[in-house]
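Working notes, structure below.
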C-alpha cells in the first residue's frame with residue numbers, strides 16, 4: 001500500500017466539503033495533479049534591511065524549485081525579523097528577543113492554518129534561528145532548517161574586519177586609537193555583502209547548535225551565504241524533505257536530550273554566544289525536553305574551548321569552511337567520545353553515519369586547537385550564583401581576561417547612562433559596571449549590551465573593568481562580562497539594590513558572584529526599594545512584559 005505523504009494538506013485538497021479552500025488554491029494556479037501532492041511550507045525570514053536576511057528570498061526560490069522537482073508542492077511564505085546589529089544601542093533592541101517568539105508563532109500559525117505537510121525553514125539572523133526551531137518543535141511535522149549562511153570578512157587596508165570592528169570603532173575613536181576618517185572607513189568596509197555576522201556570534205553559534213542537533217544538513221552552519229555550496233544545499237531540500245515524509249521522521253524524533261547535549265558540547269568547543277543558553281532552553285521546551293542552566297554548567301565543567309573565533313579570537317566562520325567546516329570539528333569530537341554518534345538527523349542517518357566520510361581537520365590548522373592544547377580547559381559559558389544572582393547568571397569567560405575579578409560597583413539604571421559615562425570618562429579601571437533594569441520585563445525584552453562592551457573594548461579597558469547586567473550580551477561581546485542576572489532589577493532582584501562603591505567579586509573558578517554586604521544591609525535596602533513603572537504602556541512590548549518569565 002502506497003504511503004500517504006499529504007496527510008495534513010489532504011484535509012483541504014481532497015475533502016469535497018472544502019470547495020472554497022480548493023477554489024482558492026486553483027486560483028493560485030494549482031492544477032488537478034497539484035491537489036494530490038504533499039504541500040511543503042518554505043518559511044523564509046527574508047527582508048531587505050539587513051545583510052543577514054537580504055538574500056533569503058532567493059534561497060527560498062532555490063528551495064521551491066528543488067521541492068517541486070520531487071513532485072511536491074512548495075508554498076513560500078515570510079515571517080518578520082529584527083536586526084540586532086541595526087537596532088543595537090537603541091530602544092529598538094527591546095523588540096529583538098520578542099521577535100524570536102513572534103517568528104515561532106507566525107510560522108506555527110501559517111503551517112497550522114494552511115495544513116502544510118512539512119516545513120523547510122530559512123533563517124538568517126540571531127533570533128531567526130531559535131524562532132524557526134521552536135516552530136518546528138511545536139508543529140512536529142517533518143522539516144528542517146537551511147541556514148542563510150555566514151558573511152565574508154570585510155577588508156580594510158589589507159586586514160580582515162567585521163561588524164564588531166565597526167561597533168568598537170567609536171570607542172577606539174573616543175580614546176584616540178583611530179581617527180574619525182579611519183572610523184568612517186571601518187564602518188563602510190566591515191560588511192561586504194549578504195550573510196550573518198561572521199564571528200562566533202549568535203547566528204553562527206545557533207547554526208552550529210542546529211547542525212549538532214541534527215536539524216540541518218551537514219555543512220549548513222559553515223557555508224557562506226553567497227557560496228555555490230549554499231545553493232547546492234538548497235538544491236538538496238526537495239529530496240531531504242521527501243525522505244523525511246516517507247520515513248515519517250519528525251523534529252521530536254531528532255531533538256532528543258542526547259541531541260541537545262551534542263549541541264551544548266559543540267557551542268562550548270566553538271566559544272559560542274551566551275544567547276545559546278536562552279535559546280536552547282526555549283528550543284528544548286518546544287519539544288518537551290527537560291533542560292536547565294545547570295546542564296550548561298555540567299557540560300562546561302568537562303568541555304574545553306578549542307576554536308579561535310572572533311570576538312575574542314582571530315578568525316571568522318568562513319575561515320573554518322576552508323579547512324573542513326563544522327562537520328570536521330564534530331568528527332574530531334566524535335572520535336574523542338564527546339558526542340553521541342547514535343542521534344538521528346534530518347538526513348535519515350545518524351550523526352556518526354553523516355560524519356563517516358568527512359575529512360579530518362588539517363593537522364597544521366590554527367583555527368581549531370587540539371584537545372591537548374585548548375584555549376581554555378573548561379567551557380567559557382559559566383553559570384554563576386551568589387547573593388547578586390540567587391537564581392543564576394551567565395558569564396562568558398574565555399580565560400583571556402582572567403577568571404576572577406574584584407572591583408567596586410559603578411551603577412547605571414540604563415544602557416544609555418553607561419554609554420554617556422564612558423563618553424565623559426566616568427568609567428575607571430577597577431570598576432564593576434552594573435547596568436540594570438534591562439531584563440526581560442525591565443528592558444523590556446532583555447536588550448543586548450554590545451554597545452557598552454564595544455565601547456569598553458574600544459577604549460582599551462577590556463582587561464581592567466567587568467560588566468554585569470540583567471540584560472543580555474550579543475555574541476559579539478567579549479571581556480569580563482556577566483549577564484542574565486536573576487532575579488532582574490524590575491522584580492526587585494539584588495541587582496536593583498546595588499550602590500556605587502559596593503565591593504563585588506566575580507569568581508568563574510568557583511562559579512560565584514557576590515557583593516560584600518551583610519544580610520542586615522541587604523534587608524534594609526530591600527525595604528526602601530520601590531518598583532519602577534513599566535517602560536511600555538501599549539502594543540507588543542506591553543504584552544511581552546505581561547507574559548515573559550525570568551531569564
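Residue numbering: from 1, along the chain as shown.
Every residue, even glycine, has its Cβ placed from backbone N, Cα and C.
Site annotation (Swiss-Prot, ligand [2Fe-2S] cluster) includes 52, 197; from 125, 343, the additional listed residue is 125. Among 423, 438, 448, 488, only 448 appears in Swiss-Prot as part of the Mg(2+) site alongside 84, 126, 127. Secondary structure at residue 448 (Mg(2+) binding site), taken from DSSP and collapsed to helix, strand or coil, is strand. Taking the mean position of the Cβ atoms of 84, 126, 127, 448 as the Mg(2+) site, the remaining residues of that chain whose Cβ falls within 8 Å of it are 82, 93, 96, 97, 125, 202, 275, 474. The distance from the Cα of residue 127 (Mg(2+) binding site) to the Cα of residue 474 (active site, proton acceptor) comes to 11 Å.
Residue 84 (Mg(2+) binding site) sits 8 Å from residue 125 ([2Fe-2S] cluster binding site), taking the CA atoms of both as reference points. Note on proximity: among 126, 448, 474, the recorded positions of the record, the Cα nearest residue 52 ([2Fe-2S] cluster binding site) is that of 126.
The record gives 52, 125, 197 for [2Fe-2S] cluster. Within 8 Å of the mean position of their Cβ atoms, the other Cβ atoms in that chain belong to 50, 51, 53, 83, 84, 85, 124, 126, 151, 195, 196, 201, 203. In three-state terms derived from DSSP, residue 84 (Mg(2+) binding site) belongs to a helical segment.
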